[in-house]
2 protein chains.
Amino acid sequence: MSQKIGIVGSGLIGRSWAMLFAASEFSVAIYDVIHENVDTALVDIQAQLNNLESKGLLRGKINVKQQFALISKANTLEECLQNAIHVQECVFEDLELKKKVFRELDSIASDDIVLCSSTSCILPSLFQVDLKHRAQAIVGHPVNPPYFIPLVEVIPNKHTDPEIVKRTRALFTTIGQKPVVIKKEINGFVGNRIQFAILSETYRLIEDDVISVEDVDTVMADGFGLRWAFMGPWETAHLNATGMKEYFEKYRKSMSSVCHDFGPVPTFEGKGADIMVKEMHKRIPVEDLPERRKWRDERLIALSQLKKKLDH
Amino acid sequence: MSQKIGIVGSGLIGRSWAMLFAASEFSVAIYDVIHENVDTALVDIQAQLNNLESKGLLRGKINVKQQFALISKANTLEECLQNAIHVQECVFEDLELKKKVFRELDSIASDDIVLCSSTSCILPSLFQVDLKHRAQAIVGHPVNPPYFIPLVEVIPNKHTDPEIVKRTRALFTTIGQKPVVIKKEINGFVGNRIQFAILSETYRLIEDDVISVEDVDTVMADGFGLRWAFMGPWETAHLNATGMKEYFEKYRKSMSSVCHDFGPVPTFEGKGADIMVKEMHKRIPVEDLPERRKWRDERLIALSQLKKKLDH
């Protein structure tokens with residue numbers, strides 16, 4: 001008998017989680033406050049699974065029919081959570097809504113289910129408050145598209161039991177994702193802090209007419225991004241010297257001096273923003289975005305397949 | 001008759017440039033102050049070309065024999081520069097040495113040769129000074145390994161003729177690299193500023209025990225790095241919203257607030273550095289670095305091939 005996962009919210013992220021868990025042979029019950037949305041989600045999930053199989057991209061050891069059979073509709077939140085070991089909340093990014101959903105989950109949760117939110121930016125202690133089961137509550141933030149980008153940021157709230165952190169990390173590892181633990185709540189978690197550090201510094205450089213928007217993107221996509229598809233920044237540094245010790249000895253002064261040179265935090269409006277908006281909307285007009293996202297996803301899929309091949 | 005490129009310095013970077021130019025049917029003359037070093041370099045270049053061919057990775061439309069025949073030894077700097085359209089300086093990263101080499105180049109340069117340095121970190125106006133031909137001098141900084149990472153940072157000095165900037169950018173494009181122009185001299189150019197922005201922020205997070213070194217590397221290599229192998233940070237943002245305009249409207253406040261939260265520039269010594277050194281040297285001991293670099297290069301090669309395939 002499969003272990004059961006509850007999914008609350010049947011949008012894009014909820015569907016992705018359902019597919020990831022079913023591929024690893026968990027049974028999945030999806031609940032949505034608008035019940036009919038789950039029917040739509042199930043139709044879409046079946047289509048997505050068939051499409052993945054036809055391209056040889058289906059995850060897991062069981063076939064589409066078996067995977068799809070593991071996913072069902074829950075008509076009530078109680079039904080969704082009953083006998084589940086973990087519930088993954090995937091509702092809109094709205095603090096009040098998250099608070100409400102967590103109060104509801106709290107009122108029916110057993111003492112050993114994990115109550116996990118998919119939030120990309122709301123600190124868990126802001127909505128996992130005044131709960132009987134707050135020690136079982138946590139965040140597991142996926143990156144889009146989770147089927148091909150394995151990172152999950154796991155963030156405990158101030159009261160989360162360390163055992164729940166371990167269980168959550170282990171569960172995500174079991175389904176083939178790559179969880180990391182953000183040990184203290186922090187704005188932007190870690191992924192967005194890295195993104196914003198880059199956006200902020202390059203924003204200043206573009207605004208100061210040091211480099212064009214397009215050239216910044218080239219520095220990444222034809223330069224450093226190639227390494228970072230395989231190795232993080234610290235391994236990159238370690239390999240670029242005779243190890244980390246020598247790296248610091250050689251570069252600590254220039255690292256520090258360059259960082260002191262960064263200038264004030266931008267407001268991200270005014271001259272710089274105008275340049276960015278103008279250039280990006282010219283390069284890829286809004287009406288071409290869906291096509292370009294398809295272009296991106298094809299590449300993410302191909303890279304994910306390449307990495308699997310190289311690692312075996 | 002092929003156009004001629006001079007290479008000054010026969011180390012790893014000089015050899016890479018020689019192969020890139022020869023693959024695009026330029027004739028290449030390599031000069032080294034220690035003349036015998038060029039003989040060693042030529043033997044190595046032939047071995048590298050044969051190895052690339054055997055793996056189906058050779059660039060260009062002509063074969064190894066034809067490419068190798070285009071590369072020769074120059075016995076004097078005069079011979080290296082004679083009739084060349086561009087000379088690529090690849091000596092050690094030492095300011096006084098670069099000054100000396102540029103004075104020598106200046107004394108024999110014609111009025112239309114480009115005098116280009118491969119420096120990764122020295123601002124061009126620091127060593128391209130007091131030169132008769134300073135308007136023809138510039139920097140073209142490659143990324144290792146240039147055969148598989150196409151980025152070249154082009155940095156004019158304060159007096160570089162805009163036509164020379166254009167010519168240099170066009171030349172690097174001709175040989176299949178991806179040049180970007182850093183319009184104003186700035187410490188770290190752009191690539192290292194991006195690297196250091198990430199290292200600096202994640203250093204603070206690791207030192208503050210928010211996340212482990214290994215998990216930071218996972219955030220990149222199993223998360224954001226996958227996107228950045230294909231798209232720069234600005235295109236990523238543009239695609240993550242309904243265009244850049246909406247991205248700023250939605251996220252400008254949280255971007256700014258997260259960046260204000262970054263904390264002081266680290267000195268990169270003390271507690272944080274100790275953690276990093278300990279963890280990295282445990283994860284990949286110094287004696288295993290050559291093997292891990294091989295692992296990295298295999299992946300960079302495979303990704304480079306994948307991107308070529310996807311773009312055709």
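Glycine is no exception: its Cβ is also placed from the backbone N, Cα and C atoms.
TrEMBL entries are annotated by machine, without manual review.
According to TrEMBL, the feature domain '3-hydroxyacyl-CoA dehydrogenase NAD binding' maps to B:4-184.
TrEMBL lists B:188-252 with the feature domain '3-hydroxyacyl-CoA dehydrogenase C-terminal'. Within the domain '3-hydroxyacyl-CoA dehydrogenase C-terminal' (B:188-252), the DSSP-based counts of helix, strand and coil residues read 50 helix, 0 strand, 15 coil.
Residues within less than 8 Å, Cβ to Cβ, of B:His141 (site 'Important for catalytic activity') and separated from it by at least 6 positions along the same chain comprise B:Ser118, B:Thr119, B:Ser120, B:Val152, B:Glu153, B:Val154, B:Ile155, B:Phe189, B:Gly191. Taken residue by residue with DSSP, B:His141 (site 'Important for catalytic activity') is part of a strand. Look at TrEMBL and you will find B:His141 tagged as site 'Important for catalytic activity'.
For the domain '3-hydroxyacyl-CoA dehydrogenase NAD binding' (B:4-184), the model gives a mean pLDDT of 97.
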